[in-house]
Amino acid sequence: MSKAIIKLDHIDITFHQKKRTIEAVKGVTVHINQGDIYGIVGYSGAGKSTLVRVINLLQTPTKGKITVDQDVIFENGEKRLSSQELRKKRHEIGMIFQHFNLMAQKTARQNVAFALRHSNLSAAQKESKVTELLELVGLTDRAENYPSQLSGGQKQRVAIARALANDPKILISDEATSALDPKTTKQILALLQDLNKKLGLTVVMITHEMQIVKDICNRVAVMQEGSLIEEGSVLDIFSNPREDLTKDFIKTATGIEEALIKIKQQEIVKNLPANAALVQLKYAGKTTDEPILNNLYKKYQVTANILYGNIEILEKTPVGEMIVILEGAATNIDQALNDLTHSDLTVTVLKRGV
């Protein structure tokens, strides 16, 4: 079992502005295991970026305890490392942002090399290291280009190479893909996944997009107004979200909301007959292998008309969603719904015929 490389325990962050007090983060506990790609999702102002900045003490918490790679760096309102020790610890944590923060007058190679300016490596070793990093992020042929000559995705690759220059154990991505188009976003996410596997890198993804969490993360925390409201594996959160905000986020990543809008406009749904029910089914794991709908007809003479279906793979587990119209005698439909509920499915009756 992987050990926690980041432990944030009971973190409070409070800002005082004139006569106003802002509780940006309230009592948040998050443990991130080594090798995780861990998503922290929330809308603007949720406190996610503020929380993550305490990992390397770019933001000092008001209360709480911070442990990074077994070292307690903050506890009981005090830093536990000397300035020199903290500087060394920060080298273990790379960061990338929405804005690439590249130096316009330096080439891609020079931008990456800048991160090694305090390194003990020789000039030749630094040169070799930069070449290796640019190759790692797929920019060997762009090494001598200036930022103005690079696309957004290429600039972010330079930023990633720079963030990896000091061989960090942790990479924090703070909305790093939000300025990129969908295709480039997928490419950057694929690169981060590759780096996670090749380097054993722990990646912390700050985002407001649940699609990114679904595509790359293995665990996720959901924040709202400074509080952590839900946390777990991506599979568990997508299969069985508890909080309304989490459910709203998941809808943006599955397409179910758009499907429901279109389905409810269909005549067959508008004029649903008395012997029918419009039902939404969510299922995961082994349930996807079972002929559930066929069994309903065999057992209850209830037919199923599939209006929408989608299956995705999360953490090597199939997760699916369907919207169906069940038709049959009212008592038989009730029995069928009860059967579905006891088959490890999440069943929501959207409409009954009248």
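Backbone N, Cα and C define each Cβ position, glycine as well.
According to Swiss-Prot, the feature ATP binding site maps to GLY42, TYR43, SER44, GLY45, ALA46, GLY47, LYS48, SER49. In the three-state DSSP scheme, GLY42 (ATP binding site) falls into the coil class.
For 8-250, the entry in Swiss-Prot reads domain 'ABC transporter'.
Long-range Cβ neighbours of GLY45 (ATP binding site) (same chain, at least 6 residues apart, Cβ-Cβ under 8 Å): GLU225.
With a cut-off of 8 Å between CB atoms and residues at least 6 apart in sequence, the same chain places HIS208 near SER44 (ATP binding site), listed in sequence order. Neighbours of the ATP site: apart from GLY42, TYR43, SER44, GLY45, ALA46, GLY47, LYS48, SER49, residues of the same chain with C-beta atoms within 8 angstroms of the site's C-beta centroid are THR50, HIS208, MET223. Using a 10 Å radius centred on the Cβ of GLY42 (ATP binding site) and all shown protein chains, the other Cβ atoms total 24.
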